[in-house]
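Quick look at what Swiss-Prot lists:
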ACT_SITE  R329  active site, proton acceptor
BINDING   56-61, 79-94, D264, E430, 446-447  FAD binding site
BINDING   H285, T297, H396, R441  substrate binding site
MOD_RES   H87  tele-8alpha-FAD histidine
TRANSIT   1-32  transit peptide
Amino acid sequence: MWRCVSRGFRAPASKTSSLFDGVSGSRFSRFFSTGSTDTRSSYTIVDHTYDAVVVGAGGAGLRAAIGLSEHGFNTACITKLFPTRSHTVAAQGGINAALGNMSEDDWRWHMYDTVKGSDWLGDQDAIQYMCREAPKAVIELENYGLPFSRTEEGKIYQRAFGGQSLDFGKGGQAYRCACAADRTGHALLHTLYGQAMKHNTQFFVEYFALDLLMASDGSCQGVIALNMEDGTLHRFRSSQTILATGGYGRAYFSATSAHTCTGDGNAMVARAGLPLQDLEFVQFHPTGIYGAGCLITEGSRGEGGILRNSEGERFMERYAPTAKDLASRDVVSRSMTMEIREGRGVGPHKDHIYLHLNHLPPEVLKERLPGISETAAIFAGVDVTKEPIPVLPTVHYNMGGIPTNYHGEVVTIKGDDPDAVIPGLMAAGEAACASVHGANRLGANSLLDIVVFGRACANRVAEISKPGEKQKPLEKDAGEKTIAWLDRLRNSNGSLPTSTIRLNMQRIMQNNAAVFRTQETLEEGCQLIDKAWESFGDVQVKDRSMIWNSDLIETLELENLLINASITMHSAEARKESRGAHAREDFTKREDGEWMKHTLGYWEDEKVRLDYRPVHMDTLDDEIDTFPPKARVY
């Protein structure tokens, strides 16, 4: 049975309680055998009421929580990790903003580069908002205490990054990336956590969010989460729920992502019957360490690093004559892959490329790239002052995610409206798809994305609601299906360990949805990923406890990954063109007439259904005109 404990914060918590006696009819009832005739289980349910709930405590989640607290909202932040272990900590290169500290710059030039980088799949209203707000966001971080690297004059140091230019692509390389050496994400996350602690944000650390609590009218009323420490279940009722749960890089075998990047928020949205957008666009970072997958920042090339093949040739001069090694990431990753395919890879198996930093002055490496020097020594056994680093394109970022407008509000198609807002639900950061990155993200736009749109979510909440507003009670059966499903999953007695299914999924994604794709590999991938999902019905969870059950948590994460992976593969198979990170060998050209539109992937009855919505080509106002599509050359 349920034992329901009500806790009131600001507004009285819902007094609704229900009984759970092996609830039948759960979503996955056909999947999981409990191996017992008595399916009754006892779960303690704790109810909370907040003005706003943020799920995730990385850069986007913390910035949203800070903003909400500043506006006076009673805010909870739920996170499965201690906040400073969130994956923002791994970001290295920096944060883009047209500060003009190294040369003249303009946010409009930054916007042009971002639209071009997105291969014209980015929404230009959202891109305008992000780039225009960028200088303000960086100065705000400086005021929070972020220890940026400095020029001799004391200004924030800015380095060159890929795909960035002056004067709408006509003025040469831009120096737009503000950084804290090569540990910018670490500095940012700790700075924001300090600010969040200063405000009255209530943190629920090591709570695993399970599902959204959706009302019958289609609005979101909060989330249900599992406290991993004691096994209690918590229903968080709120006027606004902000998902900042990061990407799902761990759907692939080799990724720069932490093992916690499992697309939990995306899957929660998909299970609620809402779409995910543009998941086929997965960024491969050009320089992951060969064999280990650890990231070597693009800043290493921004500081003068050079990619060379087995012949010692600086081959990027052939593929991107102007930008060379600082072309956009999808361009560099494809170029490296082609060099390897054509037999000019390095190493005994000729299956990777060398990144040379050994021509740079040691003092530059020590001051600007200290983390890279350490990472290369540990994971590649390389002294960067003397030897090149072996690198290979590695899964790094998900351009797709939960579709939102530039306020951070989650949107879907309703009737003739492709931008219908879901009341009470927002998203920010890598989990969201605003879409400011379109088909390919520019380096150093992700840290910008998380702080600009985390703040935008908080500001939008302040515009549409007030602290302490009365909330509707939760629906009588709120969370019931989730608890039934959790119980069956915890007691599942199949034959396949979680790790076996996960490894199979990762190999399918790595082999069939990689840098280059064909109809054959994608069709095979769709069949294989569907079978991988079916195999999840035979999953085995050995640990039956509710306290620190890592077996159960990894299985929950695997389900989330499988949903993301399935929508990714089916979306990629359907898109018959090459655009940004989605490179088809059988459809090599960008087809704006038919395919300049966002893919929407729905998870319905454990199958993927696809739909489409238009790209926002219009800008917010007359400050800048729309950038019409043209050939993307670097």
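Just so you know, glycine gets a Cβ as well, placed from its N, Cα and C.
The shown structure was predicted, so the numbers you read here are calculated from the model rather than taken from an experiment.
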Distance, S446 (FAD binding site) to H396 (substrate binding site) (CA atoms, angstrom): 11
Residue among binding-site residues A60, V89 with least C-beta crowding, 10 angstrom cut-off: V89
Residues within 8 Å of the H285, T297, H396, R441 Cβ centre (excluding the substrate site residues themselves): G93, T256, Q283, P286, L295, E298, R329, Y397, G443, S446
R329 (active site, proton acceptor) and S446 (FAD binding site), Cα-Cα, nearest whole angstrom: 13
Listed in sequence order, residues with CB under 8 A of H285 (substrate binding site) and six or more positions away: T256, L295, E298, R329, S333, P393, T394, V395, H396, Y397
Pairwise C-alpha maximum, in angstrom, for the residues (H285, T297, H396, R441) that bind substrate according to the record: 14
Spatial neighbours, same chain, of H87 (tele-8alpha-FAD histidine) - Cβ under 8 Å, 6+ residues apart: G58, G246, G247, S257, A258, T260, C261
Coarse DSSP state, helix versus strand versus coil, of H396 (substrate binding site): strand
Tertiary neighbours of G93 (FAD binding site) (same chain, Cβ under 8 Å, six or more apart): R159, F161, C177, C179, D182, T184, T297, E298, G299, G302, G443, A444
Whole-number Å value for how far R441 (substrate binding site) lies from L81 (FAD binding site) (Cα to Cα): 26
Among T297, S446, the most crowded of the binding-site residues [Cβ within 10 Å]: T297
Inter-residue C-alpha distance, R441 (substrate binding site) and R85 (FAD binding site) (nearest angstrom): 24
Cβ neighbour count (within 10 Å, all chains shown) around L81 (FAD binding site): 17
All-chain count of other Cβ atoms within 10 Å of H396 (substrate binding site): 27
